[in-house]
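A.B. asks: I am attaching a structure below and will ask some questions about it afterwards.
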Amino acid sequence: MRLILFGPPGAGKGTQAKLLGQRYGIPQVSTGDILREAIKKGTPLGLEAKGYMDRGALVPDRVVIGIIEERLQDRDCAKGFILDGFPRTIAQAEALSLALKRLRRDLDCVININIDHEELWKRLTGRRVCCKCGEEFNIYYKKPSQDNICDKCGSGLIQRDDDQEATIENRLRVYKEQTEPLLGYYQKENKLKTAAGQGDIPSVSQKIYQILEENGL
Ligand code: AP5
Ligand code: MG
């Protein structure tokens, strides 16, 4: 199965991609996670990406396209993959299509997680992440038992650097301007399906599983 999970920041792409990956035994390929990991390790990629990410701008196409072209050739992607946060521009979508052609593979489906502005604002401003183990919490939806302490490993919780309000505003604007036009692109390719992103995490998963089943995936 080769899928794209699409949607604005906070729609739940990462959350659902992880669950889908576990269910179908295929990797979640998240450009955001790959870039954050590079920043943590202080690699040249991380150093280049950090400035863009901190202000909620897109990392240049050539950088993320290079990451994805390499990643899709890894063995674990042979059975399929779930793209989370890529593509985000028309140029990225075109590069993906070429890369898949070279690998003689085809994209099965693009699932757009649809969600209203108020809800995604709460999800993003409420998110807290463990600085050590990466476990995610949310002060509105999944409160830690003790304020700012990770239930899993006892370390401190922090906000993602780009979850500050001004940066969220910028991420949402960039989504509207540069990423949302991809809906038309995949609609034309007849690949686009939409899942309502409201409701708790398991109920959104159910809607996505249903779409996949209806499409014989
Ligand atoms: P990236 O990491 O992709 O972030 P994003 O898409 O902007 O935002 P999120 O990851 O927050 O959204 P999500 O849809 O994954 O939601 P999540 O499941 O986490 O990108 C970060 C940056 O990297 C970009 O700004 C850019 O700079 C750069 N970048 C990455 N890819 C790039 C590319 N292709 N090109 C150029 N630059 C790129 O959920 C959010 C929160 O809500 C969590 O707390 C979660 O627990 C909670 N939640 C999820 N679902 C539910 C639910 N159903 N009910 C209640 N809470 C929920
Ligand atoms: Mg994400």
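Glycine is treated like the rest: Cβ placed from N, Cα and C.
Grabbed the feature section from TrEMBL, which reads as follows:
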BINDING   Gly10, Ala11, Gly12, Lys13, Gly14, Thr15, Arg127, Gly199  ATP binding site
REGION    30-59  region 'NMP'
BINDING   Thr31, Arg36, Ala57, Leu58, Val59, Gly85, Phe86, Pro87, Arg88, Gln92, Arg160, Arg171  AMP binding site
REGION    126-163  region 'LID'
DOMAIN    127-162  domain 'Adenylate kinase active site lid'
BINDING   Cys130, Cys133, Cys150, Cys153  Zn(2+) binding site
A.B. asks: Counting other CB atoms within 10 A of each CB, which of the binding-site residues Gly10, Gly14 comes out lowest?
C.D. replies: Gly14
A.B. asks: Taking ligand 1 as the reference and 6 angstroms as the Cβ limit (strictly under), which binding-site residues among Phe86, Cys150, Arg160 are close?
C.D. replies: Phe86
A.B. asks: Taking only the binding-site residues Ala11, Gly12, Lys13, Gly14, Ala57, Val59, which have a CB closer than 6 angstroms to any atom that belongs to ligand 2?
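C.D. replies: If the test is a Cβ under 6 Å from any atom of ligand 2, the answer is Lys13, Gly14.
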A.B. asks: Return the residue, from the listed binding-site residues Lys13, Arg127, Arg160, with the maximum count of other C-beta atoms within 10 angstroms of its C-beta.
C.D. replies: Lys13
A.B. asks: Between the Cα atoms of Ala57 (AMP binding site) and Cys153 (Zn(2+) binding site), find the distance and write it as a whole number of Å.
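C.D. replies: Cα-Cα, rounded: 32 Å.
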A.B. asks: Averaged over the region 'NMP' (30-59), what pLDDT does the prediction give?
C.D. replies: 96
A.B. asks: Could you state the CA-to-CA distance between Arg160 (AMP binding site) and Cys130 (Zn(2+) binding site) to the nearest Å?
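C.D. replies: Roughly 10 Å, rounded to the nearest whole number.
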A.B. asks: Spatially, and counting Cα to Cα, which of the binding-site residues is closest to Gly14 (ATP binding site)? Options: Thr31, Val59, Cys133.
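C.D. replies: That would be Thr31, nearest by Cα distance.
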A.B. asks: Under a criterion of Cβ-Cβ distance under 8 Å and sequence separation of at least 6, what residues of the same chain contact Phe86 (AMP binding site)?
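C.D. replies: Non-local contacts for Phe86 (AMP binding site): Ile4, Val29, Ser30, Thr31, Val64, Ile68, Gln92, Leu96.
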A.B. asks: Going by DSSP, how much of the region 'LID' (126-163) is helix, how much is strand and how much is coil, in residues?
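C.D. replies: Across the region 'LID' (126-163), the residues distribute as 4 helix, 12 strand, 22 coil.
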A.B. asks: Based on Cα distances to Thr15 (ATP binding site), point out the closest of the binding-site residues Val59, Cys130, Cys153.
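C.D. replies: Comparing Cα positions, the candidate nearest Thr15 (ATP binding site) turns out to be Cys130.
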A.B. asks: Looking at the binding-site residues listed here (Arg88, Cys133, Cys150, Cys153), whose Cα lies nearest to that of Ala11 (ATP binding site)?
C.D. replies: Arg88
